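Beneath this line is the structure, given in C-alpha cells, with notes to follow.
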Amino acid sequence: MTDAYVGAIDQGTTGTRFIVFDQHGDVVANTYEKHEQHYPEPGWVEHDPLEIWENTKSVVTAGLSAAGLDADDLAAIGITNQRETTVVWDAASGRPIHNALVWQDRRTTSRVESLEENGKIERIREKTGLEADAYFSATKTEWLLDEAEPLKLSSARASSLRDRARDGELLMGTIDSWLIYNLTGEHITDVSNASRTMLYNITDLEWDDWLLEEFDIPREMLPEVRPSSDEAVYGHTDPDGFLGAAVPVTAALGDQQAALFGQTCFDAGDAKNTYGTGSFYLMNTGEDAVSSEHGLLTTIGFQLSGEPVQYALEGSIFVTGAAIEWLEDVDLINNAAQTAELASSVDTTDGVYMVPAFTGLGAPHWDGRARGTLVGMTRGTRKAHIVRATLESIAYQTRDIAAAMEADSGVSTTTLRVDGGAVKNNFLCQLQSDIIQTDLARPEVDETTALGAAYAAGLAVGYWDSLDDLRENWRVDRSFEPEMDPSEADSKYGRWEDAVDRSLAWATED
C-alpha cells in the first residue's frame with residue numbers, strides 16, 4: 001500500500017498535534033493547537049476534555065487541508081496521548097462530569113500516603129509494576145467519583161456517581177479512550193495506557209478485582225483493553241462526522257511508549273529518553289516484566305496484533321521542559337531558545353543547583369512532597385547561572401534514571417536515543433552526554449511520539465509490512481559523545497544528590 005498516508009493524533013499536556021506521515025516516515029503535514037491549563041488550587045492541574053476534542057477536530061481538519069488531502073487519503077489513524085490524565089463522562093450525552101485530572105495533579109497525595117500507612121504499596125507494585133502515586137489514574141478516578149458529585153446534581157437523576165457508573169451510565173478513560181470514543185463511538189483503550197492506570201494487572205493482562213475494590217471503581221465504567229496496533233480495528237470515524245469519511249482508527253499508545261516505538265526500540269535492551277514537559281526514559285525488556293529495586297516502573301511497552309506483550313522499564317521525571325517554562329514565567333528568559341545562549345555564556349553554574357520538584361519528584365525518589373529548590377546562590381549569582389543550573393537539572397535527573405536502569409536491567413546503555421522538543425538544543429544534548437557519560441543519537445524526524453502512533457496504525461492495515469520496514473526509516477540527525485572527564489561528571493552529580501536531599505519532604509502538612 002503506497003498510494004495513501006497515515007495520520008497520527010498526538011494529544012499532549014500542553015496541546016494537540018496532528019501529523020500526516022508518508023511511507024518513509026517523513027512528515028507531510030503538521031498542525032498544532034494549545035489548550036488551556038487550569039490550576040484551581042495549588043498542586044491541582046486540570047484540562048477541559050471538550051476543548052481537547054474541539055482542538056483535535058481542528059488540527060486534523062487543518063492538517064489534511066495543509067497537505068491538500070482528503071480523509072479518504074488516510075489508510076489509518078493512530079492516537080498517542082498524555083498518559084494517566086483521567087476523564088469521566090456521561091455515556092448518553094458524551095459530556096464530561098468534570099474537567100480531566102492531569103497526570104501532574106497532586107490532589108490525591110494524602111490518599112496515596114494512606115495506602116502506604118496501610119501496607120498496600122507492595123501489593124500494588126506487584127500487580128501493576130507501578131509505585132503507588134497520585135500520578136496514576138486510580139486515585140484520580142476515585143476522587144472524581146467522590147468529589148464531582150456537586151456537578152451531577154443538576155441532572156435529572158439524583159443517584160450517586162458510582163451507582164450511575166455501575167449501571168453503565170458513566171464511562172472512565174485516559175485521553176486515548178476519550179478520543180477513540182469521540183472518533184468512533186467505541187469505549188476502548190490499549191494495553192500501554194491501561195498499564196498506567198494503577199488498576200490493570202500487567203501479568204494477568206486484565207483489570208484487577210482487588211484494585212477495583214480498593215478504589216471502589218465499578219468495572220462497568222472501564223474501557224475494553226486492546227492491542228496497541230490492532231488489525232481488528234478499534235472502529236471507524238463517522239462518515240457523517242467532521243471528516244466525512246470512515247477512516248479506520250487502528251492504534252493507540254501512551255506518549256512515551258509511542259516514542260519508544262517511533263525510535264524503533266523493538267528489541268530488549270533498546271532505550272530512549274523523551275524530553276517534553278517531563279522526561280521519560282524507557283528501556284525495552286522484551287517479554288520479561290523486569291521488577292525494579294531502584295524506583296523505576298515496570299510497564300507495558302506495546303503489543304502488536306497476535307503478538308505477546310512487550311514490557312519496558314521506565315524512569316518518569318515530572319519536570320524538565322516545564323522547568324524551562326518556569327524560567328519564562330519568572331522572566332529570566334523570553335523564550336526557550338535563549339537558554340542555550342545564556343547557559344553557554346558562563347563556564348559553570350558557580351555552585352548553583354536547581355531541583356525542579358514543582359510537582360514533587362518522580363523516579364527514582366517518588367516523593368510527592370518534594371518541592372522546587374535553588375541552592376548554592378551568592379551575591380555573585382547571575383541569571384545565566386540559574387539558567388545553566390536549570391538545564392543541568394535535566395541532565396542530572398536523567399543520570400538518576402540511567403543509574404537505576406543499569407542496576408535493574410544489568411544492561412549498560414551504549415547509545416541513548418533521544419527525542420522531544422528540548423533535544424533541538426545542542427548545548428543540552430552535549431551536556432546530557434557529558435553527565436551520563438553515554439553517546440546520544442538524535443533522529444532526523446523529531447516527532448517520534450506521533451511517528452510511533454503512525455507506525456502502529458500503519459502496521460495494523462498493512463501500510464508497512466514489518467518492523468524491519470520501520471527500522472529502515474530510522475535515520476540519525478546528529479550524535480553526541482561525552483567530552484567531560486568522568487571524574488568531573490561524578491563530582492558534579494554528587495553535589496546534585498546533595499541538592500535533591502534538601503528538596504525532599506518539603507511540603508509537609510500541619
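Placement of Cβ uses the backbone N, Cα and C atoms for every residue, glycine included.
Site annotation for ATP in Swiss-Prot covers THR13, THR14, THR277, GLY321, and the matching candidate from GLY119, GLY168, GLY173, GLY421 is GLY421. According to Swiss-Prot, the residue from TYR32, TYR135, TYR200 that belongs to the glycerol site alongside ARG83, GLU84, ASP255, GLN256 is TYR135. Other residues of the chain with a Cβ within 8 Å of the Cβ centroid of THR13, THR14, THR277, GLY321, GLY421, the ATP site, are GLY12, GLY276, GLY278, ALA322, GLU325.
A Cα-Cα distance of 11 Å separates GLY321 (ATP binding site) from THR13 (sn-glycerol 3-phosphate binding site). Listed in sequence order, ARG83, THR274, PHE280, LEU282, GLU314, THR449 are the same-chain residues six or more apart from GLN256 (glycerol binding site) with CB atoms under 8 A from its CB. Under DSSP, THR13 (sn-glycerol 3-phosphate binding site) is assigned to coil, being neither helix nor strand in the three-state scheme. Across the structure, THR13 (sn-glycerol 3-phosphate binding site) and THR277 (ATP binding site) place their CA atoms 7 angstrom apart.
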